Amino acid sequence: MNIVLLIIIIITCVISYIGFQQPEFFQKYKFEVGSVQRRKEYLRLLSAGFLHGDWMHLFFNMYTLYIFAPIALIGFKVYGFLIIYIGSIILGNLFCLYHYRKVPFYSAIGASGGVSGVLFAAVALAPREIEIWFIPGFLFGALYFGYSVYMMLNPRMNDNIGHAAHLGGAFFGLVYAVAVYPEFALQNAIYIGIMALPLIYLAYEIIVKKRIG
């Protein structure tokens, strides 16, 4: 395993565990609209990406990152990978901040934005080379985003998972991949389109039907 990827996973697991054990720590560093808007606590835009709701949430994000990160690391090198991961976390939470700007108590946590960015960037480069449980990477991506969209449209009580961040993160990862390797993105446009179907539907719900926010 790449040392940078290992460090990210370890740091995320440690910080998430501290959040599990210390509610005050969790509250201080989770993403919360009111805290960012009124108290200018911009660190939350990044720190929330290292907190998770429970062990299953943490495992799902880190396992997905573990599967897709190697392709991104090979294609974009370490600095490019870090730009995608960190940039996708921040942009994902900025999307949440804008979309829920009238809901000051809205909060969210999770590395989902960063994972989504890495996933989209990796599949843009190698949509068929990656397989998870014999499922092609682009189909796994579609299922991943489908779940995220479903949870966004059907929120559960006390669910702090940043489902909205998936959209912003995926957008950042895809745009970065297209900017760096436009020829690969064009070549794999069909696979990217299939994976993006849930996100297109989510955009329709948000922009046209104004169902969320």
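Glycine too: its Cβ is placed from the backbone N, Cα and C atoms.
Feature annotations, courtesy of TrEMBL:
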DOMAIN    40-181  domain 'Peptidase S54 rhomboid'
TRANSMEM  6-21  transmembrane segment
TRANSMEM  66-91  transmembrane segment
TRANSMEM  103-126  transmembrane segment
TRANSMEM  132-153  transmembrane segment
TRANSMEM  165-182  transmembrane segment
TRANSMEM  188-207  transmembrane segment
So which of 6-21, 66-91, 165-182 has the most C-beta pairs under 8 Å when paired with the transmembrane segment (132-153)? 165-182
For the transmembrane segment (66-91), sequence-distant contacts whose Cβ falls under 8 Å of one of its Cβ atoms, 6 or more beyond its ends: 1-2, 4-5, 8-9, 45-46, 48-49, 111, 113-119, 121-123, 125-126, 129-130, 132, 137, 165, 168-173, 176-177, 180-181
Using Cβ atoms and a strict cutoff of less than 8 Å, what residues sit near the transmembrane segment (165-182) while being 6 or more residues removed from its termini? 75-76, 80, 83-84, 87-89, 91-96, 108, 110, 112-121, 124-125, 145, 148-149, 152, 192, 196, 199, 202-203
